[in-house]
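Per TrEMBL, the features are:
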BINDING   H539, H543, C640, H644  Zn(2+) binding site
DOMAIN    4-683  domain 'Alanyl-transfer RNA synthetases family profile'
DOMAIN    62-253  domain 'Aminoacyl-transfer RNA synthetases class-II family profile'
Amino acid sequence: MRYMTSNEIRETWLRFFKNKGHHILESASLIPNDDPTLLWINAGVAPLKKYFDGSQTPISRRLTNVQKCIRTNDIDNVGRTARHHTFFEMLGNFSIGDYFKKEAIEFGFEILTSNEYFGFPIEKLIFTYYPEDLETKEKWISLGVPSEHVIPREDNFWEIGEGPCGPDTEIYFDRGEAYDKRGLELVREDLENDRYIEIWNIVFSQFNSKAGLERHDYPELPNKNIDTGAGLERFACVIQGTETNFETDLFFPIIKKVQELTGVKYESQMAFKVIADHIKTLVFSISDGAMLSNEGRGYVLRRILRRAVKYGRNLGLNEPFLHKLIDSVIETMGDFYPKIKENRSICERIILKEEQKFLETIAEGEKHLQDVIKKDGKIISGESAFMLYDTYGFPIELTIEYAEENNVTVDTDGFYKAMQEQKVRSREARENIDSMATQSEAYLNFTVESKFIGYNTLDAKTEVIAVFDEGIVLKETPFYATSGGQVSDFGTINDIEVIQVKKLPHGQHLHVIDGNFNVGDIVDARVNENVRHQTEKNHSATHLLHKALKEVFGTHVVQQGSLVNKDYLRFDFNHFENITDEDLLKIEKIVNDKINKNAEVVIKEMKIADAKKLGAMALFGEKYGDVVRVVKMNDSIELCGGTHVKNTEDIKKFAIVNFESIGSGIFRITASTDFNIEPLIKDATNYIVEEVKQLNEKGLTALKDFKKYDLNIKTNSYSDILDARMSLKDIRNSFHELEKQKQENETKDILTNADKFIPENVSKKTIIETKNLDIKVLKQLVDVIYDKINAETVLLVNITDDKATFIAKTNGKTNAGSLIKELAKLVNGSGGGKDNLAQGGTKELELVPSALEKIKEKLWKNI
């Protein structure tokens, strides 16, 4: 057995099976393209399910691959054990109704033991089999495996519910007594150990499991399959002779970089292993188009990044560091996976930004977590843990880890209960009037076919084939039903207005309508042509917008939601950086340039495999059949069942009317086309018109020689909205300058004529009443009067419509602060200050006159 790099292991595997007639498949994206049931590709066979279930025909019945995978169900064990990972690679060979058990075992033996390939010593290999599968046992022995190394185990049977299943054989490598003195009983009894490493599992899918039958009674499948999986990391560990997977060339270059960044020597510390594993997951998933967010796979990635950052802090890395490890991942794996080289820049930007954001969260959350530990004691309550999560963004996983470090526990059941209660509250707050989630039994049982003919015609004479409380179903209908983000058509059936059109569970269109209809009625169905055409313009513009966003920001941009109706389009998408007005103007221009190319909109139906070869965009979560509808305009190609214009020139014009962030890394553009642009821009700028109107009215009333502001808002594009906002900003600044100048003039006039506020028979202790003066003016006025009369005490009382303000200035003989406090107490107000200067006030004006009389009486006494 010779030393091999991980690249040599991959190449050896693929070369062997290619020589055995297998077609080499490139690793599929980590994000499933056509399996909405999976969050990630989590096994080598996962992208091939469509071949095993017969829904698609493979290019060859013999396939082999090296598949990148993500599994996070054991994330807490990553770093704690020698062989747990979130990102890993599976070497696989597959037979879809071609060779079976005999050949699969022969292939396995040859690639493992031949010196031309891996050259494992036979005496180091252990093989397990299902006890009833004597064919497998005998085949291994016939190839020269010692009989004591072929071990029966009851758990060597692969079965998940009903369906294809079968026995499997597992292959272990013996690393010797240095790892465990115990021998083969470790394999026989399936005991956890570091001596015998499972490197390969071969599944013989030969039976069809059925409920109520014992295994020995399962019928055999007419077409038998082979599904195998060998972990590259384990192969590398064995071949490279390392203690754990983390010392192989798949991880150690990253660990060496962490050593360099921290100055800490690697001695199998968990933190190094967590970081090395997690940065690979982040780089590969982001390169495949995944984004970090608060839900779904985005939340999984956010949790992985945050866990890595947390362990980095354990090594003294308190500044962003993960982005500095990307080059180590690329140097290690970029030759076999060139896509991570191509996406290096975008990975760095996303990871750095997320690190910075999380370090801020940690700093804030840690403060509050320490407070919680002090308050809650030995058990952090579920409510406290949820508060940290909900208010400060502190993940429950980090709370648990910090709790362990502080020798306290977390009431996780209480946490999830609090989270569920919040979800219930949120759900109850949302309006779900039109939800079809709870479909009636009548809808579920209705399977009569109804055909949509609305792509080619907008009216039809047709038959009513079903009547429900909510509406009717037609044999043929020109009415588009709400789906794919596009709202339903409007129109009439027998001149009665159709309110809405919905899709029933089996695809028929339910026309919501108020009218009396019977099954068998022949009716005239007419779609509103103007509404349909304007909706088509907005839908086609949505496709061009999607394409433009990818051109400006990158191919990672993915639609997160959309709404298309006759008035506007709304498009939600992901991006990891702030978006500027300049970006939006550029996007708007690109869409209009595409419109002006007058490109024909070509719509074809084809097999989904052919559509993907064309580069058609498919949306995760959408279900597509074998045959799909492909909409192409210019360089935009999407799978879409909606209605569209015939030529891009029909759209006329496109304009963005609003832009907003609706979540972490999720943005929303609202836009429109043609004649709907003007009213929507007017709506978007109406607040500007109203504010300028109010400023004009205020200026004419309050400012001398005021000239009205003229506002001329154009309504053609997003730039007009930006111009209107800038105009409002300029007008506000101008108006504030006028107000400021007026105030300065009034203050100057008041202070110049301060004598008019001074009583004729003024004394050294005096109370002066004023009206409607600003507090800033009062503070200056009290100084002027105090100096003019060489006073011991001056008390100014300013009265407005809703409050009274007091300012006292003294030479110190009378305590100004005490004077104001006494006055404030008499009028149910508040106030205070220093010995020689204080202020206060009240809203109870009716109490002021009597209070001032009492103060006058006391003013000449010591207060």
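Placement of Cβ uses the backbone N, Cα and C atoms for every residue, glycine included.
Not measured: the values here are computed from a predicted model.
In sequence order, Q486, E536, S540, T542, V601, V631, M633, E638, G642, T643 are the residues of the same chain, not among H539, H543, C640, H644, whose CB sits within 8 A of the CB centroid for the Zn(2+) site.
The Cβ of H539 (Zn(2+) binding site) lies under 8 Å from the Cβ of Q486, V564, L569, G642, T643, H644, each of these being in the same chain and 6 or more residues away along the sequence.
Secondary structure at H539 (Zn(2+) binding site), as computed by DSSP, is helix.
Within its own chain, C640 (Zn(2+) binding site) has G484, H543, R629, V630, V631 as residues 6 or more apart in sequence whose C-beta sits under 8 angstroms from its own. The local packing around H543 (Zn(2+) binding site), expressed as other Cβ atoms within 10 Å of its Cβ over all shown chains, amounts to 26.
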